[in-house]
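J.: I am attaching a structure below and will ask some questions about it afterwards.
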């Protein structure tokens, strides 16, 4: 990796501000329901503790709309982090206020301070230079380890790096090396599976991946725009009318490049998107006009699984059907299973694909689950991520 990491600098005795991604889901009693993002940050935090740094952590949680809201406090996170680190975590009452400043100044080597939710300040998402400067003034060194927000140019992800030496943490290093290797130098066959609702969300990814992959497997709501572009009727399925021409161009380009561009051959259909409604499977050329396509069918699952099993590199981003509804989650679950049985390098983008892998207990059977949905998408598009771009080069 071309960027400096925490290994490349001396952190002993220094106050180190680490941007982590502790945006974890909680239930109504403020119990954390999935602590994966906290656990993913531990290697960097533990390295800093063991190397006698004074650790100051900054994160967002949810969307509190730029003002203080106790519902979005990071206090439950401090408690969980303390359990995982087996040591106290000091909680600041604010981000750049008096309490944060006093506690940051008083930190001893090996101690950990968690600042309150950085999005309690509207200046965070505006990347306000004054706010970034105040935040930077708490520390001597800045570490970005929040891949999940690396595609956002916010004060705590990009702004502070203007005022302090700035390096990557181990999680960002891991994300970049595994995904970077897959894109730059993949073992072949290289297969990408793209799902989700809209073609428009994935145009950049498809365009970039067509230059690199051997097979591209399409599922989810976006498949129906391609199916329509091939001249089939799609009933009441999701359609982006204004993207039909583009879908034709993409398929033509895949053909020219010799990419195996696969669309569903059968589909699960239902009259409405809710649990408990009758549903059936039809071939793709037999869609009734009053039904909605909600998932890939069994023949498609079989075809896609075969391609995945023989792949040496697989990247998956986006569900194959309406994953929130159990009856229409079969396709997504089957793809997750095929990935878990693939012997090659398997990379899962964040969001629903990651949730499917986690729920089914396949997390340790894939090479890498990205911690950032949006960030991993933009990385797959070949875009520059501002939170990484701004870090110091080696």
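Note that Cβ sites are derived from N, Cα and C of the backbone, with glycine treated the same way.
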J.: Among 7, 152, which residue does Swiss-Prot name as a further substrate binder in the site formed by 21, 22, 23, 37, 60, 61, 62, 63, 119?
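T.: For the substrate site that includes 21, 22, 23, 37, 60, 61, 62, 63, 119, Swiss-Prot also lists 152.
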J.: How many Å separate the Cα atoms of residue 62 (substrate binding site) and residue 324 (ATP binding site)?
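T.: It is 20 Å, counting Cα to Cα.
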J.: What number of additional C-beta atoms lies within 10 angstroms of the C-beta atom of residue 119 (substrate binding site)?
T.: 24
J.: Just how spread out is the substrate site if you go by the largest Cα to Cα distance in Å among 21, 22, 23, 37, 60, 61, 62, 63, 119, 152?
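T.: Roughly 18 Å, rounded to the nearest whole number.
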J.: On a count of neighbouring CB atoms within 10 A, which of the binding-site residues 21, 324, 352 is highest?
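T.: In terms of Cβ crowding, the pick is 21.
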J.: My understanding is the cutoff is Cβ-Cβ under 8 Å with a sequence separation of 6 or more in the same chain; which residues meet that for residue 23 (substrate binding site)?
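T.: 37, 59, 60, 61, 62, 148, 149 - these are the non-local Cβ neighbours of residue 23 (substrate binding site), listed in sequence order.
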